[in-house]
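What follows is a single structure, written as structure tokens, with notes after it.
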Number of protein chains: 2
Amino acid sequence: MEHLKEKTVKSEKLFNGRVIDLYLEEVELPNGKTSTREIIKHPGAVAVVAITDKGKIVMVRQYRKAMDRILVEIPAGKLENGEKPEVTAIRELQEETGYTCDGVTPLISFYTSPGFADELVHLFVANGLKKDNQKHSLDEDEFVDLVEVTLNEALQMMESKEIYDAKTAYAIQYLQLQQMRK
Amino acid sequence: MEHLKEKTVKSEKLFNGRVIDLYLEEVELPNGKTSTREIIKHPGAVAVVAITDKGKIVMVRQYRKAMDRILVEIPAGKLENGEKPEVTAIRELQEETGYTCDGVTPLISFYTSPGFADELVHLFVANGLKKDNQKHSLDEDEFVDLVEVTLNEALQMMESKEIYDAKTAYAIQYLQLQQMRK
């Protein structure tokens, strides 16, 4: 595969953020020429497919600054330093929705934007979901509403673009596939 | 939904790139407190699900600098200024794989990383796929290999993490769903 690889000639860190870092890299291409790559480094994230005992999908409605719009997504959050994805998944589910679970099973992991970012999202399915009576505790700059919908309602929300992100679209398609296999 | 929204207090453009721009934004939260948001602006992208007359999925193997690894993905590319996504899709398919098509049908669009980027990817299904005998013409800093695999082979490549990105994972699950509906 050496005929595809790029060698790093120079790497410059242009921004060191709370969530992301930005690098500008000069690379040597397989043909010997050079080019630049704009690279975002991200700690990675988790997302959780959680289904209530009434068969509803647990989701959160939240404002997303990058798009200046409110989206409905499956519960998710970025990995904290050194934390195992499974632990982050259980914690984020509880913080964002008030649901606890006995554990999570890995569903799939994928890079979200391989062209410019190294963000890897780990999707899990929650097992033994229970509604916690205690108030859930969000991050201090996080504001979300709990939304519980049927698979058909979720499909309608994809039509209306309330649901409009890759991990949630993947999760809903996964649930469609599961339903057809029954 | 006003109880979820954030107001922009200040927006500073920290980087103006060839592909992405970086903004650091100060926001007023719904509770009146302030926080910062690190935002990537991206022109958006397209990706194409193309199936040969032998039932194989047309994909490309390419090096991705952000992860320093070679991935197999469905053909994709970023939107050029003012170009319609359908036009970009047909062009990228031809450039990356040498396949032409009669047209493309929209499958789904989704934001890839709503937590920090506004990248919207438009997925299309190619209709009337034909192998072009002319040499395909990649961008001058783009090096890719054509890969044609069955759905089962693609599923194995997901297991081995050669296929490892959101749009391709979505596309393969879509093809699984299509196969079950037959």
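Including glycine, each Cβ sits where the backbone N, Cα and C put it.
With A:E92, A:E96, A:E142 listed by TrEMBL as binding Mg(2+), the candidate from A:A76, A:A126, A:A154 annotated for that site turns out to be A:A76. Counting same-chain residues at least six beyond the ends of the motif 'Nudix box' (A:77-99), those with a Cβ under 8 angstroms from any Cβ of the stretch are 19, 42-48, 50, 52, 58, 60, 106, 122, 124, 126, 129-132, 134-139, 142, 144, 146. DSSP assigns A:E142 (Mg(2+) binding site) to coil in the three-state reduction, placing it in neither a helix nor a strand. Neighbours of the Mg(2+) site: apart from A:A76, A:E92, A:E96, A:E142, residues of the same chain with C-beta atoms within 8 angstroms of the site's C-beta centroid are A:V60, A:P75, A:G77, A:L93, A:E95, A:L138, A:D139, A:V144. A:E92 (Mg(2+) binding site) falls within a helical segment according to DSSP. For the domain 'Nudix hydrolase' (A:40-171), the model's average pLDDT works out to 95.
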